[in-house]
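Quick look at what TrEMBL lists:
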DOMAIN    43-294  domain 'G-protein coupled receptors family 1 profile'
TRANSMEM  25-50  transmembrane segment
TRANSMEM  62-88  transmembrane segment
TRANSMEM  94-122  transmembrane segment
TRANSMEM  134-155  transmembrane segment
TRANSMEM  199-223  transmembrane segment
TRANSMEM  235-254  transmembrane segment
TRANSMEM  274-296  transmembrane segment
Amino acid sequence: MSASNITSTHPAVFFLMGIPGLEHLHIWISIPFCSAYTLALLGSCTLLFIIQADTALHKPMYLFLAVLAAIDPVVSSTTLPKMLAVFWFRHREINFYACLVQMFFLHSFSIVESAVLLATAFDRYVAICKPLHYTTVLTGPLITKIGMAVVTRAVTRMTPLPFLLRRFHYCRGPVIAHCCCEHMAVVRLACGDTRFSSIYGIAVAMFIVVLDLLFVVLSYVFILRAVLQLASQEARYKACGTCVSHIGAILAFYTPVVISSVMHRVARRAAPHVHILLANFYLLFPPVVNPIIYGVKTKQIRERVLGLFLRKDV
């Protein structure tokens, strides 16, 4: 068979609908989306600047926070610019391979963020349960290995998906009923046996979320037990205070995931825009609230943020 007779089984481009059923409100919806995205970028950049500029904050706890502050806007940036282009300019077209790249980075960085939260829980566990060994356990080489393991896990879990999607024949049209190239939204356009891809995508998401969350909860069980064994109430309060910001970040990340998952099973007949708005809430909520949580609840960072805006003339 000659090369000229070989036809592609996938469209050259996809077309993103945005939020089906709410197309007439795209401009209004874009206002809170754009505002939240801007706040997320400003908050994360401020945290990164403060941590980088102050050598007293060059510790494992703040290093993990810096990684989290860097990942948050990256997760949002994988989809928000294109989403705003759809809302503002009706620029719905996205190249097939660009769609796969967007999907890969969206899900990969979400996996990385979950792992960073788990690493931070380990940091708090060592700091509170084994304080005398903190500096010998959380060494630079160990943190480097954790970082490499986090990235490797995300890449190896997500790499098969684009290759699986590339092999499908897309006979249901090129229109994606979503405002980004989310995995299942693309799979729904494919024909043939897509069960493996669907099951694999869901299994990876559930495995990562359940496993990471299980270890986070287990870490805090040990932390709570160690805190309750402290002699003074002041010491218990101080130990708990170091975990408040991290617990807030965990809730900000996992709560939208759990709500979205429950809604997909409880409210299957809900309008498509309900599920899409929940998915976008998951992308925007953590990047917006995490800088606020850490800025307000972490004393060292709060003092330095206030110092940037309340400098007194000498």
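Including glycine, each Cβ sits where the backbone N, Cα and C put it.
Just so you know, TrEMBL annotations are computer predictions that nobody has curated.
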Report task. Quickly jot the same-chain residues contacting the transmembrane segment (199-223) by Cβ under 8 Å, restricted to those at least six beyond its ends, or write none. Result -> 107, 111, 114-115, 117-118, 121-122, 124-125, 128-129, 157-158, 160-161, 164, 183-184, 187, 239, 243, 247, 250, 254, 257
Report task. Could you tell me what the rest of the chain brings near the transmembrane segment (274-296), counting residues at least six beyond its ends with Cβ under 8 Å? Result -> 19-20, 33, 36-37, 39-40, 43-44, 46-47, 65, 68-69, 72-73, 75-76, 79-80, 83, 113, 178-179, 182, 245, 248-249, 252-253, 256-257, 259-260, 263-264, 267, 302, 305
Query raised in the report: Mean pLDDT for the domain 'G-protein coupled receptors family 1 profile' (43-294), as a whole number?
Result: 87
Query raised in the report: In the same chain, which residue numbers or ranges, 6 or more beyond the ends of the transmembrane segment (25-50), come under 8 angstroms Cβ to Cβ?
Result: 18-19, 57, 65-66, 69-70, 72-73, 76, 80, 83-84, 86-88, 280, 284, 287-288, 290-292, 294-295, 301, 304-305, 308
Query raised in the report: Taking a Cβ cut-off under 8 Å, which residues six or more beyond the ends of the transmembrane segment (134-155) line up next to it in the same chain?
Result: 60, 63, 67, 108-109, 111-112, 115-116, 119, 123, 126-127
